[in-house]
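**Q** This is the structure I have questions about; it appears just below.
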Amino acid sequence: MLRLAGLLLCVTSFLSTSSLGANAGPRLDNDRLYRYSYSAELGLNRPTGSTRGNPGFRISSDVDISLVWRNPEIQDEQLLQVQISNVQVESAGKHSRKNNIFHGSSTESILGKVRLEALQRPFMVLWKMGKIRSLYAHKGEPATIKNLKRGVASMLMMQLKSGKMMEADSSGKCLVEYKATKHQVIRTKHLDTCKTQEKGFTTYSPVLGVSGKSASETVITLENGIIKSADVEETHILSINARHTAATKVLSRQSLTLKKIEVGPTEVAGKDVAGVVKSLDDKFMSVGVIVEKVKAKCKGCPNLMDTWKAVRSKLEPDSLSKAEAPRSFLTLLHSLRKASKAEILTVLRNCSKTALPQLVDAVTSAQTTSSLSAILEFLDFSKKEGLVLQERFLYACGFASHPTETMLQSLLDVSQGKIGSPDIKESVVIIMGALLRKLCLKGACELPTVVKVKELLLAGPDSTQVESEVQMYLLALKNALLPEAVPLLAKYAESEVGAYSTIAITALQRYDPVLITPEVKKTVNRIYHQNQRIYEKNVRAAAADVIMSSSPSYMEVKNVLLSIGHLPHEMNKYMLSKVQDILRFEMPACKLVQQVMKDMISHNYDRFSKTGSSSAFSGFMAQTADVISTYNLDILYSGSGVLRRSNMNIYGQSNNALLHGLQVTIEAQGLESLIAATADEGEEELESFAGMSALLFDVQLRPVTFFKGYSDLMSKMFSMSGDPINVVKGLILLTDHSQVIPLQSGLRASAEFQGGLAIDISGGMEFSLWYRESKTSVNNRGALVVIGNVTVDMDFVSAGVEVGFETEASLDFITTVQFSEYPFLVCMQMDKTTFPFREMVSKQEKLPSGQTFSTKRSRDQLVPGSEFPLHQENSNMCKKVFEQAW
């Protein structure tokens with residue numbers, strides 16, 4: 001029994017000792033000086049390609065570390081003195097002597113005497129269990145110098161057992177994983193978890209956004225419990241989702257290697273670390289472990305007025321179809337984001353009338369407190385004369401990449417104030433819906449202003465009897481896509497007013513199918529099948545779209561197929577074409593349609609041989625490794641051959657996200673009297689009307705009316721020039737990504753990716769009673785420039801790499817209808833012109849003394865134009881139309 005007790009006592013003692021050893025942290029010996037060599041290297045480049053000529057620099061030095069004080073109660077809490085000496089700054093890339101900006105420059109001439117002295121001044125590190133708990137340095141030292149010291153201190157971060165934990169070093173507070181063996185520790189930092197002091201922003205849509213991939217690993221070699229070497233490799237890759245070859249790479253390396261151990265200073269006595277630090281140097285103070293923000297100082301940089309003078313000629317209306325317009329827009333945007341309210345107002349008040357709309361686009365797109373305040377003071381919404389500028393401001397708000405609650409509150413204030421133009425009043429409310437959605441997407445749905453606007457829009461349609469105001473609120477809800485609005489939209493979908501029904505149903509079509517409840521499905525089925533009353537054809541067609549795109553049941557699909565043959569003549573052809581398009585383009589409902597078509601009652605020759613001119617067709621605009629772009633064209637005619645609805649959509653898909661890039665809808669009604677024809681059932685009393693509606697980058701814009709009423713129609717017909725009516729024109733900030741990447745070395749990389757689009761969308765409608773012909777056109781002109789740059793500015797040296805691409809393109813959609821005989825001839829054309837495409841990359845290094853090295857390269861190509869293929873029936877019709885015209 002005694003032997004057993006003794007054995008248990010020995011085992012317990014051994015386990016306790018082992019546990020103590022496992023939990024102990026690394027320690028430095030007393031009276032020892034550990035002499036290390038250290039280097040921190042930065043390289044900037046694209047992810048692939050040669051490293052020759054890449055911008056970057058290397059800072060190398062000696063680092064002496066010694067134990068100053070050890071907590072008598074906690075042996076693993078140690079105060080270390082760290083001193084950097086023999087500093088060298090040189091190029092990290094392979095440069096010829098001619099292109100090496102560091103050649104012939106001393107460290108003091110590069111850093112400056114004050115910075116060099118500060119860098120070589122000793123600092124203190126509180127090291128506990130291998131973790132940096134605090135760092136002590138002189139408060140007055142430059143931020144860049146303190147950050148470099150933080151980078152050196154972070155090399156000591158380690159632990160002697162494996163595990164995961166949140167810990168802070170120079171680059172932020174991150175989840176870190178350790179894998180420890182007797183002689184080696186591998187420290188892997190999960191950079192996607194890091195919380196830093198500087199918050200950036202990014203575009204709400206992943207399709208237009210930027211993707212990042214980062215990695216950080218430290219390999220520490222131990223000898224007798226002392227760090228023999230530590231090597232860090234950290235990479236950050238940022239790429240534009242729409243074109244991943246437009247990408248940048250930040251490579252940061254650090255190395256700490258033990259050279260020798262010498263006799264060092266004796267340990268200082270003291271009870272606590274604060275007292276010991278103060279006794280050593282009363283100028284020491286705790287400065288934190290994480291790198292601090294460095295205020296950029298730009299000597300000789302142009303101010304806002306200088307920038308505006310340099311770019312304004314490129315922003316005149318005649319230049320908007322050229323790539324120089326969005327390029328100048330982005331240059332101006334960067335300057336605006338640094339400018340004060342007073343500077344911005346000065347430029348606004350001294351701008352020509354022709355360039356002012358483009359300046360308003362840029363000021364609003366800047367999305368700073370100063371720019372928003374300046375533009376709101378500049379615009380007077382009580383005056384009708386400023387309609388163009390006011391609408392450009394509102395559209396720029398709608399396209400905002402990262403809107404704030406302040407911007408939404410500003411629009412709410414405008415809507416509640418005096419507004420001179422009813423069109424502007426409509427646009428304000430419609431755009432508030434777009435801002436509401438973007439704020440909710442980034443988790444800000446419960447902010448006070450957001451809640452207030454949400455309540456306003458949900459109550460809006462029922463709060464007024466004015467038709468235009470009801471449409472305004474419904475369009476705002478179409479932008480907002482609030483889940484709470486689904487029942488309200490379903491209610492208005494069954495309205496007796498066709499415009500209400502169309503807006504409500506097309507809004508429901510934009511929702512995630514998960515939110516289309518069984519009750520809503522019953523509603524759209526009632527509308528399509530006219531179970532309770534007769535609806536206009538375009539309303540029924542929109543209802544069919546919702547049915548087929550919202551995870552339909554077998555019976556829903558079967559009933560849609562069975563309806564073909566019992567619809568108005570042109571709608572029969574439209575629905576048949578719609579079903580065939582689902583099959584051909586393999587849409588989500590494709591398999592269910594195939595299953596239903598096995599039933600011969602649903603699928604027979606009589607049903608699938610309906611003739612007419614209406615059609616629906618989908619196709620690919622572009623298919624690349626980065627993005628898939630698709631289009632669809634739907635066109636519905638009345639039985640008399642007059643256009644009822646033309647709908648063109650363009651979508652972009654990337655990174656598992658979908659962007660509704662463009663929708664242009666032309667609607668017409670009540671035009672049968674022009675050709676002495678009979679209106680279709682349910683449309684006999686419709687007022688003559690034609691208009692155009694556009695949705696651009698997920699934002700529904702205010703519809704444009706061509707004419708309304710018979711008298712307006714006749715006056716427009718006799719005065720119509722055939723020139724298209726502008727729907728939207730201006731400069732849009734598509735991509736907008738900004739972030740600061742704090743590196744473990746203490747350096748800070750600033751990343752800015754912006755994409756600017758100059759766009760001009762117009763549409764027109766022409767009638768010729770003499771030739772019994774009508775023509776509708778949608779013209780899209782645009783120039784796109786996307787630029788991404790990453791810079792590291794250390795006050796004493798800066799390095800940067802910039803990538804980008806640009807293009808100019810046009811896309812026209814023309815529909816010609818000849819209704820001199822029946823069946824009437826319809827020709828649809830969708831043409832893309834040959835357009836240029838350019839990719840660019842530039843690199844730069846610069847010293848404050850003025851020495852600069854830079855390179856620029858570009859690659860140009862011409863992308864051939866094409867006419868997008870539609871169905872064979874359309875091709876046959878176009879031949880007949882042009883043969884007759886000839």
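Every residue, even glycine, has its Cβ placed from backbone N, Cα and C.
Taken from Swiss-Prot, the feature disulfide bond applies to Cys174-Cys194, Cys440-Cys445, supported by sequence analysis. As annotated by Swiss-Prot, domain 'Vitellogenin' applies to 28-662, with the evidence given as sequence analysis. Taken from Swiss-Prot, the feature signal peptide applies to 1-24.
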**Q** How would DSSP class Cys440 (disulfide bond) in three states?
**A** helix
**Q** Near Cys445 (disulfide bond), how many other Cβ atoms are within 10 Å of its Cβ?
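**A** Cys445 (disulfide bond): 14 neighbouring Cβ atoms within 10 Å.
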**Q** Write out the long-range same-chain contacts of Cys194 (disulfide bond), meaning residues 6 or more apart in sequence whose Cβ is under 8 Å from its Cβ.
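**A** Those within reach of Cys194 (disulfide bond), by Cβ under 8 Å and sequence separation of 6 or more, are Ser171, Gly172, Lys173, Cys174.
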**Q** Should Cys194 (disulfide bond) be counted as helix, strand, or coil on the basis of DSSP?
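**A** Its secondary structure by DSSP: strand.
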**Q** Give the sequence-ordered list of residues that share a chain with Cys440 (disulfide bond), lie 6 or more positions from it, and have CB atoms under 8 Å from its CB.
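**A** Within the chain, Cys440 (disulfide bond) has Cβ neighbours under 8 Å at Val450, Ala480, Leu482.
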